[in-house]
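Novice: Pasting a structure below so you can have a look.
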Amino acid sequence: MKKIAIIFGGNSPEYTVSLASATSAIEALQSSPYDYDLSLIGIAPDAMDWYLYTGELENIRQDTWLLDTKHKQKIQPLFEGNGFWLSEEQQTLVPDVLFPIMHGKYGEDGSIQGLFELMKLPYVGCGVAGSALCMNKWLLHQAAAAIGVQSAPTILLTNQANQQEQIEAFIQTHGFPVFFKPNEAGSSKGITKVTCVEEIASALKEAFTYCSAVLLQKNIAGVEIGCGILGNDSLTVGACDAISLVDGFFDFEEKYQLISAKITVPAPLPETIETKVKEQAQLLYRSLGLKGLARIDFFVTERGELYLNEINTMPGFTSHSRYPAMMAAVGLSYQELLQKLLVLAKEEVK
């Protein structure tokens with residue numbers, strides 16, 4: 001295994017997150033002792049064009065790579081193990097492994113995984129079904145409930161006529177604060193914490209900007225705890241982390257700028273709670289058929305109750321992101337983590 005295609009960008013609200021994650025991974029792989037032959041494949045934000053990019057890595061980091069016309073050429077995915085067609089060179093590029101470092105829409109929802117299945121090439125991460133299920137929070141919570149993992153009380157809102165009545169009934173039962181969340185979005189995009197009736201309309205509008213279905217969810221007073229898992233059949237469970245906030249919630253700005261948030265790895269949890277988090281995380285991972293990697297997030301209340309929040313099948317992947325930090329805490333360096341993911345991708349097709 002030598003030829004690796006790193007795939008980044010795409011038509012997603014998390015496009016810039018993909019660029020940051022991909023840049024970190026590329027830097028680490030370029031300096032790896034395994035001497036990889038890397039192909040950098042960027043997908044334009046409109047998702048219409050794919051390019052093989054051979055320019056400076058800094059252009060990817062700064063999102064100027066598309067302007068570097070001298071170092072990009074259009075490519076086209078091919079089916080049946082034939083890799084990609086290079087339009088200018090009139091030849092194919094056939095990587096040993098595809099490594100999609102894409103977040104959110106089209107990157108984590110099973111879309112690009114389905115394409116890779118048609119291409120018949122090994123790829124890093126979860127398959128079509130696992131990716132799609134984890135991206136759809138409503139279905140994820142139904143599946144979790146079926147195996148005994150609870151989530152916060154939630155209803156699904158679409159643009160049906162009785163939407164207002166549903167909202168009023170939910171708030172009457174559960175009170176404020178509540179959260180409005182796009183059913184399919186990542187990095188906390190489109191999520192609003194609502195504390196009064198006057199904030200509902202704008203929160204609903206914001207959430208519907210990202211998805212045609214919206215979750216209305218009860219606030220769980222507790223600490224957000226993450227658990228990283230690596231593997232296919234044999235699993236490596238990373239250290240749990242804990243997120244503490246001065247105010248608000250862990251939104252997009254907090255996730256990537258850490259304005260008032262503090263992330264602690266390992267999380268300062270009682271041993272019984274830590275064990276329970278890791279057991280439920282592994283149960284979800286195996287039951288949902290996840291492969292490669294995932295970060296599974298819970299809320300833990302003062303009484304020690306666990307509530308599933310979400311599952312990220314391609315969590316943020318810079319060298320200082322939460323998932324790599326969880327693995328580093330159990331002795332797996334960033335470079336070793338990348339190598340392991342590539343090996344797992346090849347193992348999955350044997």
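Cβ atoms are placed via backbone N, Cα and C, with glycine included.
The shown structure was predicted, so the numbers you read here are calculated from the model rather than taken from an experiment.
These came from Swiss-Prot, pasted as-is:
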{"type": "ACT_SITE", "residues": "GLU14", "note": "active site"}
{"type": "DOMAIN", "residues": "141-343", "note": "domain 'ATP-grasp'"}
{"type": "BINDING", "residues": "171-226", "note": "ATP binding site"}
{"type": "ACT_SITE", "residues": "SER187", "note": "active site"}
{"type": "BINDING", "residues": "ASP297, GLU310", "note": "Mg(2+) 1 binding site"}
{"type": "BINDING", "residues": "ASP297, GLU310", "note": "Mn(2+) 1 binding site"}
{"type": "BINDING", "residues": "GLU310, ASN312", "note": "Mg(2+) 2 binding site"}
{"type": "BINDING", "residues": "GLU310, ASN312", "note": "Mn(2+) 2 binding site"}
{"type": "ACT_SITE", "residues": "SER321", "note": "active site"}
Novice: How long is the line from the C-alpha of GLU310 (Mg(2+) 1 binding site) to the C-alpha of ILE220 (ATP binding site), rounded to the nearest angstrom?
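Specialist: The separation of the Cα atoms works out to 13 Å.
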Novice: When DSSP states are folded down to helix, strand and coil, where does GLU206 (ATP binding site) land?
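Specialist: Where GLU206 (ATP binding site) sits, the three-state DSSP reduction gives helix.
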Novice: Compared by Cα position, which of the binding-site residues VAL178, THR192, GLU199 is the closest one to ASN312 (Mg(2+) 2 binding site)?
Specialist: THR192
Novice: Which ones are near ALA185 (ATP binding site): of the recorded positions GLU14, ASP297, SER321, which have a Cα within 10 Å?
Specialist: GLU14
Novice: For VAL178 (ATP binding site) and GLU14 (active site), determine the Cα separation and express it in whole Å.
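Specialist: If we compare the Cα positions of VAL178 (ATP binding site) and GLU14 (active site), the gap is 24 Å.
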Novice: Can you see whether DSSP assigns VAL178 (ATP binding site) to helix, strand or coil?
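Specialist: Once the DSSP labels are grouped into three classes, VAL178 (ATP binding site) ends up as strand.
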Novice: Hey, what's the Cβ neighbour count for ILE220 (ATP binding site) at 10 Å?
Specialist: 19
Novice: Return the member of THR192, GLU199, SER321 nearest to GLU14 (active site) in space, with distance defined Cα to Cα and candidates limited to these recorded positions.
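Specialist: Closest candidate to GLU14 (active site), judged by Cα separation, is SER321.
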Novice: What does DSSP call ALA213 (ATP binding site) in the simple three-state scheme?
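Specialist: Going by the DSSP assignment, ALA213 (ATP binding site) belongs to neither helix nor strand, so it counts as coil.
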Novice: Measure from the CA atom of ILE220 (ATP binding site) to the CA atom of ASP297 (Mg(2+) 1 binding site) and give the result in Å, rounded to a whole number.
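Specialist: That comes out at 13 Å between the alpha carbons.
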Novice: For GLU199 (ATP binding site), which of the three DSSP-derived states applies: helix, strand, or coil?
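Specialist: Its secondary structure by DSSP: helix.
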Novice: Near GLU199 (ATP binding site), how many other Cβ atoms are within 10 Å of its Cβ?
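Specialist: GLU199 (ATP binding site): 16 neighbouring Cβ atoms within 10 Å.
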Novice: Do any residues at least six apart in sequence from ALA213 (ATP binding site), in the same chain, have a Cβ closer than 8 Å to its Cβ, and if so which, in order?
Specialist: TRP138, LEU156, LEU157, THR158, PRO182, ASN183, GLU184
Novice: Neighbour count, 10 Å Cβ-Cβ cut-off, for THR192 (ATP binding site): what number do you get?
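Specialist: Counting Cβ neighbours of THR192 (ATP binding site) within 10 Å gives 21.
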